[in-house]
Amino acid sequence: MVVVVDTVSATPIRPRHPEKAARPDSLSPKKPEWIRVRAPTSRGYADTRAIVKENGLVTVCEEAGCPNIGECWDKKHATFMIMGDTCTRACAFCNVKTGMPEALDQAEPEHVAEATFKLGLKHIVITSVDRDDLADGGAAHIAATIRAVRARCPSTTIEILTPDFLRKDGALETVVAAKPDVFNHNLETVPSRYLTVRPGARYFHSIRLLQRVKEIDPTMFTKSGIMVGLGEERHEVLQVMDDLRSADVDFLTIGQYLQPSLKHHAVMRFVTPEEFAGYESVAYSKGFLMVSSSPMTRSSHHAGDNFTKLQAARAALSR
């Protein structure tokens, strides 16, 4: 691994992705018109940013370079990324910083709960970096954060987006026992692309993780998502849908992959809005309760509204 170190600045800054420094640049095609988003400039955006910084929190909105940050933060919606800003994995698609993380902040669960209260969130999304350095992958910390939010904001519904807890026995059970309302774990891509896109993960382990959630608590909503435009074929996307339905997953998200930098995996193709609509139609026909499929779809985009629709869809089935 090549590590690039800043030796010029008075306060040297470690690059976000040292493991990618030696890679050749990967060029992507020009973004089509349907990908354009406005720069974040609203008062709501500024207020959200102030509350996040005041509580010393990290958001995946910023760290992953989410294109929807302006829209979401204007509405005071933010996805908190706990357990630090540094991930132990080095996925080819992800903009989150990689390296050896710092020790967990034991006060973080309370800070997340306080920010949730100040933002007046009715639905909160909590995600995290991968913490392969921890014996439980950070499961106890995630559970503590869920409990802290429940105590401070009892009417707020909680959605978590978790790592895969690969080789972390008992970690999943710890998180499910904390009773989040939605358990989300993203597959990210089709199985054939894992070696180049998500080399530190295992596709069928992730499927089994989602299946296990339903075995532990059949009432818990489960959710997963993939990006398209990474070189996958249509039939592979349809197979992912079948695999997720075999695990009884309720909610599927499909969005366009966007390249964070020239050192990341290239965009192989921009999928058209019509193709996304087609995927949504097929997914509903396969039995998903909720599907969000569009170029700008991201796991946490419109999460609160989508949770309400998810509840309504389940209620309709029981009538």
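Note that Cβ sites are derived from N, Cα and C of the backbone, with glycine treated the same way.
What Swiss-Prot records for Cys61, Cys66, Cys72, Ser300 is [4Fe-4S] cluster 1 binding site. Swiss-Prot lists 73-289 with the feature domain 'Radical SAM core'. The [4Fe-4S] cluster 2 binding site annotation in Swiss-Prot covers Cys87, Cys91, Cys94.
Taking the features listed in Swiss-Prot, we show where each one sits on the structure.
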| residue | record | Cβ within 10 Å |
| --- | --- | --- |
| Cys66 | [4Fe-4S] cluster 1 binding site | 23 |
| Cys72 | [4Fe-4S] cluster 1 binding site | 24 |
| Cys87 | [4Fe-4S] cluster 2 binding site | 23 |
| Cys91 | [4Fe-4S] cluster 2 binding site | 21 |
| Cys94 | [4Fe-4S] cluster 2 binding site | 23 |
| Ser300 | [4Fe-4S] cluster 1 binding site | 28 |
Candidates Cys66, Cys72, Ser300 (binding-site residues) - the one closest to Cys94 ([4Fe-4S] cluster 2 binding site) by CA:
Cys66
Out of Cys66, Cys72, Ser300, the binding-site residues in the record, which is closest to Cys87 ([4Fe-4S] cluster 2 binding site) when you go by Cα distance?
Cys66
Cα-Cα separation of Cys72 ([4Fe-4S] cluster 1 binding site) and Cys91 ([4Fe-4S] cluster 2 binding site), in Å?
25
Between Cys91 ([4Fe-4S] cluster 2 binding site) and Ser300 ([4Fe-4S] cluster 1 binding site): CA-CA distance (Å)
19
About how far apart, in whole Å, are the alpha carbons (Cα) of Cys91 ([4Fe-4S] cluster 2 binding site) and Cys66 ([4Fe-4S] cluster 1 binding site)?
16
What does DSSP assign Cys72 ([4Fe-4S] cluster 1 binding site), in three states?
helix
Cβ-based neighbourhood (8 Å from the centroid) of the [4Fe-4S] cluster 2 site, residues Cys87, Cys91, Cys94 excluded:
Arg89, Ala90, Phe93, Asn95, Val96, Thr98, Val129, Asp130
